[in-house]
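Taken from TrEMBL, the feature repeat 'PPR' covers 251-285, 286-320, 321-355, 391-425, 426-460.
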Amino acid sequence: MMIYTPLSLRYASKFSSFLSKYTINPQITNSFLSRLFFSSDNSPQKDDVETLFRIITSSTSSKNLKQSLKSSGVLFSNDLIDKVLKRVRFSHGNPLQALEFYNYTANRRGFIHSSFTLDTMLYILGRGRKFDLIWEVLADIKRKDKSLISPRTMQVVLARIAKVCSVRQTVESFRKFKRLVPVFDITSFNALLRTLCQEKSMSDARNVYHSLKYDFKPNLQTFNILLSGWKSVEEAEAFFEEMREMGVKPDVCSYNCLIDVYCKGREVEKAYKAIERMRDEDISPDVITYTSIIGGLGLVGQPDKARDVLKEMKEFGCYPDAAAYNAAIRNYCIAKRLGDAYGLMDEMLSKGLSPNATTYNLFFRVLYWSNDLRSSWDLYHRAMDTGCLPNTQSCMFLIRLFRRQEKVEMALQLWKDMVEKGFGSYILVSDVLFDLLCDMGKLVEAEKCFLEMIEKGHKPSNVSFRRIKVLMELANKQESLQNLSQKMAIFGPSIQSS
């Protein structure tokens, strides 16, 4: 197989002119050029991702960002850009800076972003509540290559809107997609229903389903989405039967939804009977089925029986994944049997499975509530040594524990790692960190962390700014306060005058 290496822009420009003469659809030309001249089969180097990430987060203006990108010497590819934006996403980066980077790469001749990059950019904008910019990006993509706007894209956008807007506004946004997507059909409707189930309520999803179902033809996926939203066992069973009455045959996903409702409702016996019906209908339970059973057994106080499921499922040719192990570990954590929980994490490693951020978070939660600082700190180092970056919730458990026990050095180490490696939420963690530093009289350290946060493009809270401002005034650090205020000016006057 021949691997194309990226060519220079000079050759891309000439080849674009050649293709334009012989290609009817210019979108095909641009899409082809994007993959040929700007993409590579080689994975982007980690150093390139970090270089671009630092440029995005440290640039003070649009002009500065563009100049830095131009002089970086980094060769852009779809895969590289996608990884950089994901880095921004998981570090809760500034959405406007991310959009500047996205637009800069989009405006390069012959380049078209991938659908994954588009979805990541839209997620970042949505989390920052920049909804007007979302529609501008989508309108631009429609002009370039409408096929990039997928049902996944729709769900990403609707999910961010539904999180902060009403059901009516979410449905209105759904209707806007009719002018944007290549095909507005049942797949689009399913994306809306999935969003409502996840971000609103089952009642909202059901009402929208009944009001719009005649505009679309519900299919198996429609019913599976609605099944996954039920919390009441009785209602889920009734809907399951309604699906059968409409001639829609359930599949493994349908049964998994029903079994999940049973397990969360602590009706494990019904869940086992549903598995028997699956086998009678030649439907094989999968790892999701068994993961629900493991969780259900934990809820009824049978963590050891749940652990046995990890072994039993192998007899049916189904092997546990990280999620299945996490469910079993969660059971032992709830039972405060940390020795057994650690044993399962070691077992994961022996099976070639890597504990993930969810795995570690299960332990951080228990250790936080038991006020076990030493074990939390050791576990943090274990995660970092294996390359598993803690999620935001884990960071909050840690920083709150450090504040409770007044461990300044540990708190500063966590902050340093967050800044250098780009994980966690600066905004959430910083509030607790600044409380600790101010309480302990560590004004120099507080100022340093505050400026690092600003340089990363994150807006500190009004409360944190006011507290540091008061302490600087008391310490007569007028020069430092003036510097801080000037740095804060990029976020507008409101935070300084509040």
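Including glycine, each Cβ sits where the backbone N, Cα and C put it.
Outside the repeat 'PPR' (391-425), and at least 6 residues removed from its termini, the chain residues within Cβ reach (under 8 Å) are 53, 57, 87, 90-93, 357-358, 360-361, 364-365, 367-368, 371, 373, 376-377, 380, 384, 432-433, 435-437, 439-440, 442, 445, 449, 452, 456. Within the repeat 'PPR' (251-285), the DSSP-based counts of helix, strand and coil residues read 26 helix, 0 strand, 9 coil.
Beyond the ends of the repeat 'PPR' (286-320), by six or more residues, the same chain brings 252, 255-256, 259-260, 262-264, 266, 268, 271-272, 275, 278, 327-328, 330-332, 334-335, 337, 340, 344, 351 to within a C-beta distance below 8 angstroms of the stretch. Note on the repeat 'PPR' (426-460): its mean pLDDT in the predicted model is 92.
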